[in-house]
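See structure below.
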Amino acid sequence: MNNNQFHELFGSQWPPDQHGGHSSASTMLHQQTMPQTMQLKREPHTEVGVMHNQMGMDITSGSVADSTSPPPGSSEGMFGPISGMFMDKKAANSIRAQIEIIPCKVCGDKSSGVHYGVITCEGCKGFFRRSQSTVVNYQCPRNKACVVDRVNRNRCQYCRLQKCLKLGMSRDAVKFGRMSKKQREKVEDEVRYHKAQMRAQNDAAPDSVYDAQQQTPSSSDQFHGHYNGYPGYASPLSSYGYNNAGPPLTSNMSSIQAQPQAQQPYDYADSTTTYEPKQPGYLDADFIGQVEGDISKVLVKSLAERHANTNPKLEYINEMFSKPQDVSKLLFYNSMTYEEMWLDCADKLTAMIQNIIEFAKLIPGFMKLTQDDQILLLKSGSFELAIVRLSRLIDVNREQVLYGDVVLPIRECVHARDPRDMALVSGIFEAAKSIARLKLTESELALYQSLVLLWPERHGVMGNTEIRCLFNMSMSAMRHEIEANHAPLKGDVTVLDTLLAKIPTFRELSLMHLGALSRFKMTHPHHVFPALYKELFSLDSVLDYTHG
């Protein structure tokens, strides 16, 4: 793959946003907004309708107004030096155009500037204005956990408004406000990232296969066409943005276990050698330099933020581990039947996977893969990423795990009626503990999840070339992070070598989980699992996890 084709993997709508709620497997993958807010301060001498940005300029939705007092000094950055009492319309429009490179924080559509204190599109600006101009009483029909993205933003007004408020949209922000230096730097980082994408896009091949695959509709197109021919709720995956829930998958457990394992595309014989796929490379040296220079640092920073926004906060985890154990909750879980514990674990895993889907959307280029490949990667990789995420919830010194809102001794979690189930649970905790002992940073955990999800040659995917390019990009960033933060573990064996060597274990545990689920369903056919869990781990659509 040449430089031009590689860029087609990246959309102009990246990076996306956080989503704290839960829904089902397809809509979340098309949500592409960012979680940061722009907190705004009231200033007494600013005209109505004028918003000061952090660099002393006045921006309105339609024109540029002169300020009545000079800004407190001047600021220089990627937008250039700005000072003095007045700014001409041409200069303000130029800066607004640069901000508009960043997608709408609410739904991921093309933004039109800063509205109500947040970078949004015209559609979300108008929605928020209407919600604030009259008394509204929105109701959510789906547990207040709907995904708000370009496809589904009009389906639930309640969740859309909550997301606007969570991002920091405010009527006060229309009139007054300044971004802090930290917020300004975030915006500048985003603009740099999208400019790097645009530079690569200018050189993109006109016959790229992605040109015909995904076209981003404008705000007006979506606003007028949302309810015409919408596919509805065909499956749990449909609420994450997927029509028809992906390709039919008909292999079964017996065929998976009977198939010989394909040769793994990794080598550890010489751990001083950087990872290279066995097939020819798809990035030339010049483009690798551009990626590392223009994108890699922003990728690390952005993925770390999205990782933090789709996981329990470290402060909360540490607080829970520092509290005395809640005896009543311990007794409650100890009194659970085998069946109750199975279903409770399925609920907890489903909630985690909902956030994993949110995170996957934020991996640059993931949303440019075909819909079928996105679904296949999630079906085959979501359980593996759950193991990685579990490592954050384990205290390896005390042998404890944060399970929901209670800290449990790990030894209490590995008791099972069937020795095979016990081996599964024990294997999961051992894998998670081994990751926790490496003391990865949040950035490294985020990149590691990207590597696990995008591991090349997963069975059934069609876009292996594109997936491999995305994998290489995450690998490059991960290598830089590990080299900067970790010394070799033993001899020339690095932390990265160790992490890559764990991925086959994740595959084995995924298969063991499917086997345990199969046995449980045979003995308890009437128990109902969460829809997303049933869809991802249905034995009617099992993937060959052992391939690749």
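Cβ atoms are placed via backbone N, Cα and C, with glycine included.
What Swiss-Prot records for 1-27 (among others) is region 'Disordered'.
Annotation source Swiss-Prot lists DNA-binding region at 101-176, citing sequence analysis. For the DNA-binding region (101-176), the model's pLDDT averages out at 86.
Across the zinc finger (104-124), DSSP classifies residues as 3 helix, 4 strand, 14 coil. The annotation zinc finger is assigned in Swiss-Prot to 104-124 (among others).
What Swiss-Prot records for 140-164 (among others) is zinc finger, and it gives sequence analysis as the kind of evidence.
Here Swiss-Prot flags 198-228 (among others) as region 'Disordered'.
Marked as compositional bias 'Polar residues' by Swiss-Prot: 211-222.
The domain 'NR LBD' annotation in Swiss-Prot covers 295-539 and is backed by sequence analysis.
Counted with DSSP, the zinc finger (140-164) comes out as 8 helix, 0 strand, 17 coil.
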